[in-house]
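Taken verbatim from Swiss-Prot:
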type	residues	note
BINDING	HIS122	chlorophyll a ChlzD1 binding site
BINDING	TRP130	pheophytin a binding site
BINDING	ASP174, GLU193, HIS336, GLU337, ASP346, ALA348	[CaMn4O5] cluster binding site
BINDING	HIS202	chlorophyll a PD1 binding site
BINDING	HIS219, SER268, PHE269	quinone binding site
BINDING	HIS219, HIS276	Fe cation binding site
SITE	TYR165	site 'Tyrosine radical intermediate'
SITE	HIS194	site 'Stabilizes free radical intermediate'
TRANSMEM	33-50	transmembrane segment
TRANSMEM	122-137	transmembrane segment
TRANSMEM	146-160	transmembrane segment
TRANSMEM	201-222	transmembrane segment
TRANSMEM	278-292	transmembrane segment
Amino acid sequence: MKNTFNTSNAFASAYSFWGYVIGFLLSTSNRLYIGWFGILMFPLISLATVAYIAAFIFAPPVDIDGIREPVAGALLYGNNIISGAVIPSSNAIGVHFYPVWEALGFDEWLYNGGTYQFVVLHFIFGAGAWMGREWEFAFRLGMRPWIFVAFSAPLVASCAVFVVYPIGQGSFSDGMPLGISGTFNFMLVFQAEHNILMHPFHILGVAGVFGGSLFSAMHGSLVTSSLLAETAGDLSLNVGYNFGQEDETYSISAAHGYFGRLIFQYASFNNSRSLHFFLAAWPVIGIWFTALGVSTMAFNLNGLNFNQSIIDSSGHLINSWADIVNRADLGMEVMHERNAHNFPLDLA
């Protein structure tokens, strides 16, 4: 009779080992939750971070316009923290997927800006895994799923400027550079080419970001100003607070009454749940609209155009603010990629 003792023990040992590993990955008691999405997130974010830092410091100049005039973005090539950036992939690459094995060598890959695609794609998928990990952790704790829904706003905004816009424009060289001055350059060129300031979805995004900041400051100041005193007058309010206590720490009715009389009654919330839903939804929806706007402008469905739209009874043009902005747009348009342009045909 065949002896199956050792085989059975091996299966049991393997099962025990993988059971331990899976239990560790999915444990909600760990100081840092990992989860199934964490298996994807941690290496992707780590690779993107290491590659970004290395490229920001050491990467050689990149032929961003595809005309053999490389642009330097690394610190070792004379840049500082403000002017430095990871330069987008070359216009010669277009929207082709450009991993290192597609180049003739590592030097060519660097020259054509392969690091930009490497950092961006690892970051996008890593951030997507982070969002999935937020849902997974909330699910295991029995929480509602709205945390990952809120995080979807910055994720879709990142996808819009790093992935959708380059695809719509036909080249990753049109993506947003990974640096401070590069970001501002991207914004100016975007305005010049798409008139984003006159796009309704951008206006909604501005309202979402600035409105969210205003509402957050208002909420924080109201809560801090209406804390319930559990101590004597000569002691700090913090002394009477215990972390995790079930009792309320501030009086929402007092805050509601104050703000309702400061503005008007219906400008204030008397329900904590509706208040915090509003605080979350306002900026998230605004940023969703901005991402949608950038994604539509990626395919040249641009902002509204009111240039030369006002004339007097004699048919003479009366310049408006739209015409002034248009003149600024023309100036920015001819200044960027100036060696790749054939002025003035580029403005036709």
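A Cβ is built for glycine as well, from the same backbone N, Cα and C atoms used for every other residue.
Keep in mind that what you see is a predicted model, and the values were worked out from it rather than measured.
Annotated features taken from Swiss-Prot, shown on the structure.
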residue : record                                      : Cβ neighbours (10 Å)
HIS122  : chlorophyll a ChlzD1 binding site           : 20
TRP130  : pheophytin a binding site                   : 19
TYR165  : site 'Tyrosine radical intermediate'        : 22
ASP174  : [CaMn4O5] cluster binding site              : 23
GLU193  : [CaMn4O5] cluster binding site              : 17
HIS194  : site 'Stabilizes free radical intermediate' : 23
HIS219  : quinone binding site                        : 17
SER268  : quinone binding site                        : 19
HIS276  : Fe cation binding site                      : 13
HIS336  : [CaMn4O5] cluster binding site              : 15
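DSSP classifies SER268 (quinone binding site) as coil under the three-state reduction.
The residue listed as 'chlorophyll a ChlzD1 binding site' sits 28 Å from GLU193 ([CaMn4O5] cluster binding site), taking the CA atoms of both as reference points. Below 8 A, the CB atoms of the transmembrane segment (146-160) and the transmembrane segment (201-222) form no more than two pairs separated by six or more positions in the chain, fewer than 3 in all. Recorded residues HIS336 ([CaMn4O5] cluster binding site) and HIS194 (site 'Stabilizes free radical intermediate') have their alpha carbons 14 Å apart, per Cα-Cα distance. Checked against HIS219 (quinone binding site), the recorded positions ASP174, HIS194, HIS202 differ in C-alpha distance, with HIS202 being the nearest. Highest Cβ count within 10 Å among the binding-site residues HIS202, PHE269: HIS202. Relative to TYR165 (site 'Tyrosine radical intermediate'), the binding-site residues TRP130, GLU193, HIS202, PHE269, HIS276 all have Cα atoms farther than 10 Å away.
Each residue in MET218, LEU222, ILE252, ALA255, HIS256, PHE259, ASN270, LEU275, PHE278 lies on the same chain as HIS219, SER268, PHE269 and has a C-beta within 8 Å of the C-beta centroid of that quinone site, without being one of the site residues. Listed by sequence, the residues of this chain that lie at least six past the ends of the transmembrane segment (201-222) yet keep a Cβ under 8 A from its Cβ atoms are 255, 258-259, 275, 278-279, 282-287, 289-290, 292-293, 296, 303.
Looking at the residues that bind quinone per the record, HIS219, SER268, PHE269, the two CA atoms farthest apart are separated by 10 Å.
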